[in-house]
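What follows is a set of notes on a single structure, which appears directly below.
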Amino acid sequence: MTTSRCSHLPEVLPDCTSSAAPVVKTVEDCGSLVNGQPQYVMQVSAKDGQLLSTVVRTLATQSPFNDRPMCRICHEGSSQEDLLSPCECTGTLGTIHRSCLEHWLSSSNTSYCELCHFRFAVERKPRPLVEWLRNPGPQHEKRTLFGDMVCFLFITPLATISGWLCLRGAVDHLHFSSRLEAVGLIALTVALFTIYLFWTLVSFRYHCRLYNEWRRTNQRVILLIPKSVNVPSNQPSLLGLHSVKRNSKETVV
């Protein structure tokens with residue numbers, strides 16, 4: 001630390017015109033207080049006769065909203081839905097809405113807490129087939145399902161009519177002793193139905209695999225918990241029990 005002939009005022013940086021190096025001072029801004037506590041630490045530097053200020057970090061402050069428990073997923077209180085404490089987490093991470101937890105367990109396809117690894121008692125129910133037909137997943141899977149359904153509805157009657165006409169032609173040729181033409185029409189009918197059945201089988205297996213995967217990862221989760229885990233809305237959270245211990249001022253020169 002160097003000294004020079006400079007005038008010092010409270011909370012004002014030294015006015016040193018002879019020093020070329022910038023002077024840095026870190027103070028806690030007390031202009032905006034919450035319950036007598038500063039809200040953030042501001043770094044003030046002087047360079048070329050100009051003051052430059054930067055917020056270094058914010059300080060944890062207590063507010064009336066922190067005294068009420070809230071859901072750790074949606075950060076909402078218990079006004080719309082009761083809060084639960086179904087796992088071993090404590091403090092602000094220990095309360096959660098039942099619907100939020102069930103939605104998270106369904107989306108993540110897990111049955112335990114990601115923080116304390118407590119395993120929940122859940123009941124999983126598969127979703128109906130109609131819901132998968134409405135929303136099978138990504139956009140390319142929707143296009144594939146829609147295209148295959150249209151092709152199936154269009155090709156099935158076309159293949160049936162074509163096969164029937166070929167067989168009728170083969171029977172007529174047999175009556176007129178045209179065995180070569182009859183054999184050709186029968187072979188064409190067999191090839192037509194073979195290609196149709198092969199395409200139908202491959203498409204059906206592909207969509208069955210997608211449906212089974214969707215059904216496994218998109219189950220309806222029902223949380224099985226006792227009623228004793230409900231958290232009253234007037235119970236203060238553990239965050240309000242811990243006081244914020246900060247120095248009133250930090251100075252670095």
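Heads up, residue numbers simply count up from 1 along the chain you see.
Including glycine, each Cβ sits where the backbone N, Cα and C put it.
Of the listed residues (S233, S237, S248), Swiss-Prot tags S237 with phosphoserine; the rest carry no such note in the record, though that does not show they lack it.
For the residues S32, S99, S243, Swiss-Prot attaches the annotation phosphoserine to S243, which does not rule out the feature elsewhere. If you measure from the Cα atom of C113 (Zn(2+) 2 binding site) to that of C100 (Zn(2+) 1 binding site), you get 13 Å.
Under DSSP, C113 (Zn(2+) 2 binding site) is assigned to coil, being neither helix nor strand in the three-state scheme. Broken down by DSSP into helix, strand and coil, the zinc finger (63-123) contains 18 helix, 8 strand, 35 coil. Cα spacing between C89 (Zn(2+) 2 binding site) and C100 (Zn(2+) 1 binding site): 16 Å, rounded to the nearest whole number.
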